[in-house]
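Participant: If you scroll down you'll find the structure; I have some questions about it.
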Amino acid sequence: ESLHSSIGLLGISAGSLLLAVRFYSGPRAAPLIPSTALGVLLLVLSSLLAYAGIRRSLRNSSLFLTLCLTISVFWCGYGVVFILRGQGVLNDAGDFRDALVPGLVTFTLALLIVAVVGFLCREVILALIASAVSLASAHEVALLYSPAFGSSAVACNYMVVCFLGGYFALGRILCLLTKEKIALPGTDLAKNKTREQIQPAGGNANHFAVTGLILNMLSASVFACRLLGVTGKLFIGQVPWLWAAGIYQLGVCVLSYRAMDVLMATFFGFTSILKLAGGYCLLYPIWQPEEPSFPTPFLVVFSILFVVLALFLALQSPLDGLYLLVYVAYCIALACRPKGFFEGGPQGVDVAIFVASALMTLIHVYNVKASAKIPTGKGTVRALLARSSLLKLREGADLHAPYLGYSKYADAEILGYACSVLASFALTMTGDPQAPLATVVIPWVVVAGGILKLLGGSVAFARGKTLESSAFILYAVMWIIWGLARYGGLYGPTRSFHAAVGVVAFMLFNGFIVFCTLFLNIAWFLYSLTFFLITISFLLDAIHALPAGYDIAATLLFGLVSFYCFLSALFSSTFEGSSLPMGRAIVRLSGVGGGMTKCPHLPARKASSVKRIADILKNGGTCGIPTDTVYVLVAACNRPDAVEKAHQSKRQAQDRPMSLWISSLKQLEPAKHLFTPLLWDFMEAAWPSPISLVVPRGEWVDFLGMKDSAKYVGTPQSIAIRIPDCSVTTHLIDLVGPIAVTSANPTGEADTTHHNQVYAKLGDKVDAVLCDGPSPENIASTVVDCTKIDSGNIGFFRVGIIPKSQV
């Protein structure tokens, strides 16, 4: 429990020690730690802090998470700036100051907010660390503008952090040595854990939202400082802050999906695009002297997506919805000014974003941590809609659960469709083939259509959506390759035969996806088909045969279909019913996709699902269920007709005897006298576990009420019997009684390791499936021959998950 807290706080102390040494030796001609070495060490420590913060987030430690991730971002950007200084990119003192100040200003305020909330919530050590780093950053800003200020004040603040880290380390050592009998104040993590557990939980709180808001402050600070005259220019030295914010924002997006917060995850995905695009634009002076122009259609569409997202987010929290309107104004300001980030209008909105993000950071970090909440209007719109009969909000613990099984992530299809909209409208800017970089297209196509779509595809794959994830990943690769080639100067006026061959390969893959979507729904069929039209435009362009206007028409059509899918996914994730349906499958076959309707697929973590499976088994059905190894097909032993059905589901059934499973040895207690003492002791020692014991058939079978089912279980001489080490399975057996078991796959095929495979392999031979996602093991149980155990010999019919030595 204390490992990740110790790593985080001692990592902060180690970085502070490096910076204290650096600033104490600042007046020297040659600092003790060179700039490049310091930058690399800070990058290593920033990754360590990110790991510690994310791992501790699983323990609901919100303030520690915010502190670790905030300092991690700080030192990531800070370290890269020092590396640039060490490599001679920022030799001029003014450039070094202009590069550092936006980040220092942001983290001075952000860490001050964390410190205030820490003191209010009695997290004294965390609050002291945050305030010390905040003061060090403020003093460093003063030092950069007035060298007479001296660097000792900065070093002293970092030394305070070092002492706090030493104090924490001493407290943890004392706790360890005295077995928590002696604990210094503030270092007793068990007490902190108890306090966190008794705090009222406000639903599934997204603890990562605070970090995302601080990252919004960081990117806005870069441009706001230029408008306010704090920095003299926008240049490459500020790119580390923007790209660090963008990369960390992508991480916050993924972690927000992990926190089941779809709308905020989508918002953070959108803002990461703006951050990475801003950093890209500051690199322009490297390859061309004039500032780039921005595609107006893309930014208008981006503002529309922000408006729609703000409306849906306002249903959860009106204050969050209002906050998103600032980004609507930002996109409109960028669309109105041809030079985008470099002009005063968008920079003025950046000032508003900085202020609004700071206020939202304070509200979010306080509301997550404190028992008394700052009102945000949460639940107000929900209460109003509760009176409406037209729209009913979805709610409940299974709001983000996939239809089959479980996922650690919420659905990312909303972001995937939105990225398709953005990428398609970015392509409406044809650009100048002689100067492809004069218009900012690459960030919108590569980041939105590529990186974020890859992220959406990965999350979709984690949720078991194989087809959707394959399409997202394929399209992302296509956007990245075509965006870089067409708009990055890699693909000039001379068209290439090799490019055409590559596009044809993508068209073949997409043709297969179009065919598969016939069995999914109409919206996905149109989505994949319109992308096929885009790949045709890519091919025609490659062979220099593109008709005028075809590419614009194809991308607009794809963008409109993607926008409908975006709205449909938003509605389906927010409201009950199908306000904007995706449509039914165009082609419906009995063996394709029929398992959901013909065969109930029930989530294993619900007690009601286990009870329903038990009722099906009692009524003579056969069901696929999860176990401690792979999925199996079961029937109730007191229903001979069901046992015969399960037995006949296998080819060459006579060679595949079924096994017998019970939930406890108490079920065999009445027949204990029929087992030898050695065998009984061995069963007690071996179970519950993935070990099946083949024992001699005898009169004990009659005590289990198997009736005519006994002839289908085991062989005439012996029966394999097991108590599984799986609470769901044993609970089901408690409800039904002993069950007859066989593998959930046709004879000769591989074991079934996911509930989706059960119906696919067995079809109508299974009446219901209890879904628990991927099986915990890919190997079946170990089968031990105990028929001669009394003579001191055991054998092995199959060595499975449990090795011989353990048996």
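Placed from the backbone N, Cα and C atoms, the Cβ positions cover glycine too.
Straight out of TrEMBL:
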TRANSMEM  7-25  transmembrane segment
TRANSMEM  31-51  transmembrane segment
TRANSMEM  63-84  transmembrane segment
TRANSMEM  99-120  transmembrane segment
TRANSMEM  208-229  transmembrane segment
TRANSMEM  241-260  transmembrane segment
TRANSMEM  293-315  transmembrane segment
TRANSMEM  437-455  transmembrane segment
TRANSMEM  467-485  transmembrane segment
TRANSMEM  497-520  transmembrane segment
TRANSMEM  525-546  transmembrane segment
TRANSMEM  552-572  transmembrane segment
DOMAIN    607-802  domain 'YrdC-like'
Participant: Within the domain 'YrdC-like' (607-802), what mean pLDDT does the predicted structure show?
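Facilitator: The average pLDDT of the model in the domain 'YrdC-like' (607-802) works out to 85.
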Participant: Between the transmembrane segment (208-229) and the stretches 63-84, 241-260, 437-455, 497-520, 525-546, work out which stretch tops the count of Cβ pairs under 8 Å.
Facilitator: 241-260
Participant: Same chain, outside the transmembrane segment (7-25) by at least 6, Cβ under 8 Å from its Cβ: which residues?
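Facilitator: Distal contacts: 31-33, 38, 41-42, 45, 48-49, 51-53, 56, 64, 67-68, 71, 75, 125, 129, 132-133, 136, 140, 151-152, 154-156, 158-159, 161-162, 164-166, 168-169.
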Participant: Six or more residues out from either end of the transmembrane segment (525-546), which same-chain residues have a Cβ under 8 Å from its Cβ atoms?
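Facilitator: Those are 417, 420, 424, 427, 471, 475, 478, 482, 486, 495-497, 499-500, 503-504, 506-507, 510-511, 513-514, 517-518, 554-555, 557-558, 561-562, 565, 586, in sequence order.
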Participant: Take the transmembrane segment (437-455) and find every residue of the same chain, 6 or more past its ends, with a Cβ under 8 Å from one of its Cβ atoms.
Facilitator: 250, 253-254, 269, 272-273, 276-277, 280-281, 284, 287-288, 290, 292-295, 298, 340, 412, 415-416, 419-420, 422-424, 426-427, 429, 431, 472-473, 475-477, 479-480, 482-484, 487-489
